[in-house]
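Each remark here refers to the structure printed beneath this line.
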């Protein structure tokens with residue numbers, strides 16, 4: 001699954017680079033999103049695979065902190081990248097005549113850079129608050145990577161401050177970007193319903209449905225994970241839920257965006273035949 005995820009997302013990046021016809025805002029954001037997915041899945045899955053294949057399931061204290069920071073960095077960046085992609089589709093469908101002006105190259109770069117800046121700030125805050133706590137007793141993490149809820153369980157101090165920080169900052173990142181995405185899609189659906197042509201409706205729905213599938217899987221599992229009461233967390237349940245946004249969502253991305261997109265498939269075939 002890890003190999004397919006990396007290979008699939010890498011194929012989207014290569015197709016974008018080698019296909020001049022795909023050099024549009026939509027595919028620029030998609031290529032950057034695919035690169036982000038490779039980084040995101042590489043934070044957790046290689047160490048998980050190493051643990052499954054050996055008896056040594058150990059991570060150092062500093063290694064745990066680095067893994068948490070990288071995971072939160074790329075996870076937070078992905079939230080706003082998905083919102084930027086939804087905003088791009090909103091402009092393409094609702095303001096087609098102004099689309100190239102609104103989503104010019106400078107704006108696209110700002111969206112990508114802004115997503116990374118927000119992700120980095122969010123990751124730094126959570127990692128600093130989590131690893132400033134005193135840890136005592138068991139050092140066994142009930143998870144397959146150093147996620148915030150699992151590490152907080154090891155603290156011997158009241159963690160209400162950390163839970164408040166999660167609620168505020170994770171709320172701004174996850175819920176904030178989710179609201180932007182939902183508003184964009186509500187406007188898109190409203191615009192689609194006003195179209196008189198059935199073929200136009202189908203084409204527009206097809207363009208946006210793939211993005212909406214990724215959004216549903218990623219945001220749904222993320223919100224369920226970080227915004228539940230602590231008392232509702234069960235042993236093993238966190239790992240199952242986390243698999244949805246750490247492994248399944250990145251795995252689905254290349255299939256959804258390539259197999260459901262005629263333009264991407266056409267350019268992939270052209271590149272293969274040319275080589």
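The count begins at 1 with the first shown residue.
Keep in mind that glycine also has a Cβ here, set from the backbone N, Cα and C atoms.
Features of the protein shown, as given by TrEMBL:
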type	residues	note
DOMAIN	8-257	domain 'G-protein coupled receptors family 1 profile'
TRANSMEM	26-49	transmembrane segment
TRANSMEM	61-83	transmembrane segment
TRANSMEM	164-185	transmembrane segment
TRANSMEM	205-227	transmembrane segment
TRANSMEM	239-259	transmembrane segment
### Query
Which listed stretch (26-49, 61-83, 239-259) has the most C-beta pairs under 8 A with the transmembrane segment (164-185)?
61-83
### Message
Please compute the mean pLDDT of the model over the domain 'G-protein coupled receptors family 1 profile' (8-257).
### Response
86
